[in-house]
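The substrate binding site annotation in Swiss-Prot covers Lys269, Lys489 and rests on similarity to another entry. Per Swiss-Prot, Mg(2+) 4 binding site is recorded for Asp402, Asp404, and the stated evidence type is similarity to another entry. Annotation comment: Swiss-Prot describes Asp621, Asp625 as Mg(2+) 1 binding site. Annotation comment: Swiss-Prot describes Asp621, Asp625 as Mg(2+) 2 binding site, evidence class similarity to another entry. Here Swiss-Prot flags Asn765, Thr769, Glu773 as Mg(2+) 3 binding site. Annotated motif 'DXDD motif' per Swiss-Prot: 402-405, in sequence order. Per Swiss-Prot, motif 'DDXXD motif' is recorded for 621-625. Swiss-Prot lists 1-70 with the feature transit peptide.
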Amino acid sequence: MAMPSSSLSSQIPTAAHHLTANAQSIPHFSTTLNAGSSASKRRSLYLRWGKGSNKIIACVGEGGATSVPYQSAEKNDSLSSSTLVKREFPPGFWKDDLIDSLTSSHKVAASDEKRIETLISEIKNMFRCMGYGETNPSAYDTAWVARIPAVDGSDNPHFPETVEWILQNQLKDGSWGEGFYFLAYDRILATLACIITLTLWRTGETQVQKGIEFFRTQAGKMEDEADSHRPSGFEIVFPAMLKEAKILGLDLPYDLPFLKQIIEKREAKLKRIPTDVLYALPTTLLYSLEGLQEIVDWQKIMKLQSKDGSFLSSPASTAAVFMRTGNKKCLDFLNFVLKKFGNHVPCHYPLDLFERLWAVDTVERLGIDRHFKEEIKEALDYVYSHWDERGIGWARENPVPDIDDTAMGLRILRLHGYNVSSDVLKTFRDENGEFFCFLGQTQRGVTDMLNVNRCSHVSFPGETIMEEAKLCTERYLRNALENVDAFDKWAFKKNIRGEVEYALKYPWHKSMPRLEARSYIENYGPDDVWLGKTVYMMPYISNEKYLELAKLDFNKVQSIHQTELQDLRRWWKSSGFTDLNFTRERVTEIYFSPASFIFEPEFSKCREVYTKTSNFTVILDDLYDAHGSLDDLKLFTESVKRWDLSLVDQMPQQMKICFVGFYNTFNDIAKEGRERQGRDVLGYIQNVWKVQLEAYTKEAEWSEAKYVPSFNEYIENASVSIALGTVVLISALFTGEVLTDEVLSKIDRESRFLQLMGLTGRLVNDTKTYQAERGQGEVASAIQCYMKDHPKISEEEALQHVYSVMENALEELNREFVNNKIPDIYKRLVFETARIMQLFYMQGDGLTLSHDMEIKEHVKNCLFQPVA
């Protein structure tokens, strides 16, 4: 049976066959080759630049070597059958002295290596300890639980430990609440709840008086805080408690205009709530039943009790229901929470889905997820086991889904290969196409809209709900950036503005893992707090250990990258490529590509091969584009097909340098590839390049003939000539995985996955370079070819069509990335190569003009600048 042409065991002659054929046709090296004529002794022929000389050293295996004079390009090009046209490119921005000076002074010391190991172990333990959610005490909710009278009928609290906690945890200023973070709304609410509870139990007179004094002096500060900083349900529960305090005779400033305004807001809100809605289905009103006691039908409300006995996971709301109904499930829930926390309760519990999703998101965005693969899988398996097509909330039995947890879950689960539908977002869309946090409500905040926006970019073809979500959230977030009061409804983060700016500027297809990690290290707050009914913290989400590990790990990896870059620069110079005057020297920018996405230390060889192969695609693209005659280019192509050094003498001098460097490099790559793959790969590499050079040649023929192909004809060839497939197919040999024929069939040139990578790369390249290339005489681009097919449309319309085709292809690429059943590293190679193209050509030709574009800053941040 004939093997597929893409197979590693294709019908390309073996390395030994090539050696024999080449030995007969290269007279300059016949003596050396004959010395190793025995088949058992044959080794691949390779060439080296002689150190400190203009000579090529020809070597056979580990045997002897002979050298022949080789004139540098600037001295003699008289052998050229045509004169190469010199095209001016901006010089390389990253100079040798800078690269050579990188001594990796920030290399991780032995003590830091030990610290990294310790942090990894501690974070693994955090994941293992995730149960129902770790969070801080809520003085407000604890005060409500402390109100419950003993069920035995005695005149005592049922949970005396909670009363004692209130007595022992008043802050120095007389308030109750989270001492770490001051929010007037939060402190006033918690303080009011505590002084009412202590008054009801006729205890803690000193604490009550201090609390009243705090209230009187600080209540006015609420007026200065943004409405978006008001805790959930504040306008419902605060006026109700204020009324209760007045009945108890507490000396509070009830006549403050601001307090009267809050009372008026409560009355207006209650008028807007139809009575039947309260009992029809679970809503966020269940979260604040303690503030609705005068209107609740307690018998009807019990139909909306959660399976765990709570009302929307709120201890305060559940305590209020229990005091009204004596429901045993309510008491069981409160006992369950106190068993976990001892003498206090949080503002909501459990928080199991929220905690797991955000912890996974944290380690992924910080770039340290590779250390926690098993823990991440366990966390996501847990979340998926509680996934609901209506959406999810912060807890597994929460009956009211929210868009924040749902969008985070949809995005992360989808990217990890779980089968989840985007239809889940329809739960949160109103009749006007707007998205909100909860069904039937108009609340939304920056953090939840940011998560919906991030989710919308992992869309599949035909998912209109994702496109609607993208447009809605982009509009909301851009407006939020202009409104200082918009930050934020649900969280107080170190730099949520920075997170939003990054997400809008570098959406999913333009955001590389190392760049996102660098950005999030700067934006991540280990002390971030969230806002529910009160301020609360999530120590397994916001934790200094994550940040410390991220910084140490980033700098460690960066030091490895710097050493690799130095080696690659030496390879470039030793290959004689500094003598080439027709091409771009972009070793650093090209190395940045794999370093930005396959950054892990174990993929060092893959990055090296990726960079070397990519450099050759640039050299040969420049050669075939405008700097070689068609005859010379055909000769070069034939030399590669035959792997034949005898044709070198017929080449122009600079083309000789290209071919010799090419020949040397890929013989070396093939040798190591054979060791890694356990079989010969030279024929495979030759075949990959054969297809590539044929695509280059076809474009050269079009250019010489001034031929403009149809759009489809152009795309078929240009998706190959962009050379991304060549880079990936050769680099894939060095991922540490054995590249089986089965895997190869799913990423070869016939696979949809690779085709989409090439298509999106070609289209984004054309949109940013077609005008400049047209000015240089190029006649074919996606835009020009589409205009040829549709002569009545404008250039702008053609450009927009190309963008549309690209966006659709990127959605299909998402689906291939998620659903392709191959090892993750191969999926990453293909998908991230497509993404890096979107980044490089975001502003313009980011490769050629890198010195004048943001790509320069990305290179610096990824490769040169350590994080502090």
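Using the three backbone atoms N, Cα and C, a Cβ is placed for every residue, glycine included.
Overlay of Swiss-Prot feature records on the structure.
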residue	record	CB count, 10 Å
Lys269	substrate binding site	11
Asp402	Mg(2+) 4 binding site	24
Asp404	Mg(2+) 4 binding site	29
Asp621	Mg(2+) 1 binding site	18
Asp625	Mg(2+) 1 binding site	21
Asn765	Mg(2+) 3 binding site	22
Thr769	Mg(2+) 3 binding site	19
Glu773	Mg(2+) 3 binding site	19
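On the backbone, the CA of Glu773 (Mg(2+) 3 binding site) and the CA of Asp621 (Mg(2+) 1 binding site) stand 13 Å apart. Averaged across the motif 'DDXXD motif' (621-625), pLDDT in this predicted model comes to 90. With a cut-off of 8 Å between Cβ atoms, the residues of this chain six or more beyond the motif 'DDXXD motif' (621-625) that come close are 87, 582-584, 633, 636, 655, 658, 693, 696-697, 699-700, 703, 721, 723, 778.
Secondary structure of the motif 'DDXXD motif' (621-625) per DSSP, as helix, strand and coil residue counts: 5 helix, 0 strand, 0 coil. With respect to Asp402 (Mg(2+) 4 binding site), the closest of these binding-site residues in Cα terms is Asn765, chosen from Asp625, Asn765, Thr769. Among the binding-site residues listed (Asp625, Asn765, Thr769), Asn765 has its Cα nearest to the Cα of Lys269 (substrate binding site). Cα of Asp621 (Mg(2+) 1 binding site) to Cα of Thr769 (Mg(2+) 3 binding site): a distance of 14 Å. Taking the mean position of the Cβ atoms of Asn765, Thr769, Glu773 as the Mg(2+) 3 site, the remaining same-chain residues with a Cβ inside 8 Å of that point are Asp766, Lys768, Tyr770, Ala772, Glu778, Ser781, Asp845.
Each residue contributes its Cα atom, and for Thr769 (Mg(2+) 3 binding site) and Asp404 (Mg(2+) 4 binding site) those atoms are 39 Å apart. Taking only the Cα positions, the spacing between Asp404 (Mg(2+) 4 binding site) and Asp625 (Mg(2+) 1 binding site) is 50 angstrom. Mapped onto DSSP classes, the motif 'DXDD motif' (402-405) shows 3 helix, 1 strand, 0 coil. In the three-state DSSP scheme, Glu773 (Mg(2+) 3 binding site) falls into the helix class.
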